């Protein structure tokens, strides 16, 4: 007999399978690309280097711009508002300097839990220079959908 509980379980199984398949296809491709080729990333810290600011002065001589480094991972940009929204500390680097699993972070921007900062990852030459570094978004949408579905299923199954 087809009951609402069976329908919900069936829907959850199908949706989980689709989500798992999409995650299996999209995320490893992006991570593999990020790990297999070298790119150039800016490396600087605005706390100690005045050249590390948004936006960069692209008309300045190379010695007056933040240093570039060869990166065998993704570029990283961390921005943190210290004491006020106007006092911003920026740090740019390569993921090889962090203890981070690229499978989890590629094309992602993560907000600090306090809301005072964020960390973004990208995989093109000098991409961590951008003032408006944004995420690709497809993984964020999938994660949001998965969390919403989990909550909804929990609500439906608890009845």
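Cβ atoms here come from the backbone N, Cα and C positions, even for glycine.
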Which range of 40-53, 54-67, 96-109 is region 'Loop 1', per Swiss-Prot: 54-67
Region 'Loop 2' per Swiss-Prot - which of 2-16, 17-31, 77-91: 77-91
Counts of helix, strand and coil residues, the region 'Loop 1' (54-67), according to DSSP: 3 helix, 0 strand, 11 coil
Residue 127 (disulfide bond) and residue 44 (disulfide bond), distance between Cα atoms, whole Å: 14
Candidate nearest residue 71 (disulfide bond) in space, where candidates are the recorded positions 41, 52, 57, 109, 120 and distance is Cα-Cα: 41
Rounded to the nearest Å - Cα separation of residue 94 (disulfide bond) and residue 75 (disulfide bond): 5
Spatial separation of residue 109 (disulfide bond) from residue 52 (disulfide bond) - C-alpha basis, Å: 19
From 41, 57, 75, 128, the recorded positions whose CA lies within 10 Å of that of residue 120 (disulfide bond): 75, 128
